[in-house]
Amino acid sequence: MAEKEEIRQAILKKRLDISSVEWQNSTEAITREIISHVWFREATDIYCYVDCRKEAGTRQLIEEAWLLGKAVWVPKVGGAEMNFFAIHSFEELTRGCFGVLEPDEGKAADGKDGLVIMPGVAFDVRRGRIGYGKGYYDRYLRDHPGLHTIAAAFDFQIVEEVPQEEEDIRPQLIITETRTL
């Protein structure tokens, strides 16, 4: 576990150190790749985090989903559980758990099909993932196996290897500003 935490802290520091210009350019490249992917084009439901603390940006992606008439669902954490709730504008979000923008509760998504855009702190070339350490996405995806998953990440978040445990869920794809894994 110590190695996981060391990787997590090193990558979080790198993420906070990127310039606004680098963040914007990389986010635009990642967004272009995700919205051109067949899973995004064919999905009617997009499950997507709202970026914070210099995560790979998702606002352009969410706006594109709305323009295409897709339902957008964003996560809300309550205790040990995470569910996704529909939003139709960013004004519907308020600061919630961990300072993250979250929707008001309503009817939770059924999680039967669609595309999940996953956050993460670090990844490896085998699509291993280190999240923020609480296991919310691992539990949600284990309970909703019909969803496609793409992790949005910057190149510097890809490391040689991340320690994985049995309960860790790997994204089906990782899209960075320069490559798809």
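Even glycines carry a Cβ here, placed using N, Cα and C.
The ATP binding site feature in TrEMBL is assigned to Lys4, Glu5, Glu6, Ile7, Arg8, Arg129, Ile130, Gly131, Tyr132, Gly133, Lys134, Gly135, Tyr136, Tyr137. Every protein chain shown contributes to the tally, and the Cβ of Tyr132 (ATP binding site) ends up with 14 other Cβ atoms within 10 Å.
Listed in sequence order, Thr58, Arg59, Ile62, Val74, Phe90, Leu93, Val100, Leu101, Glu102 are the same-chain residues at least 6 apart in sequence whose CB falls under 8 Å from the CB of Val50 (substrate binding site). Residues or ranges marked as substrate binding site by TrEMBL: Val50, Glu55.
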Self-check item: Nearest-integer angstrom distance between the alpha carbons (Cα) of Lys4 (ATP binding site) and Glu55 (substrate binding site)
Solution: 18
Quiz prompt | binding-site residues compared (Glu6, Glu55) - highest count of Cβ atoms within 10 Å | solution = Glu55
Self-check item: Glu55 (substrate binding site) and Tyr136 (ATP binding site), Cα-Cα, nearest whole angstrom
Solution: 17
Exercise. Would you measure the largest Cα separation among Lys4, Glu5, Glu6, Ile7, Arg8, Arg129, Ile130, Gly131, Tyr132, Gly133, Lys134, Gly135, Tyr136, Tyr137 for the ATP site and round it to whole Å?
Key: 21
Exercise. Sort Arg8 (ATP binding site) into helix, strand or coil using the DSSP assignment.
Key: helix
Self-check item: Neighbour count (Cβ, 10 Å) for Ile130 (ATP binding site)
Solution: 22
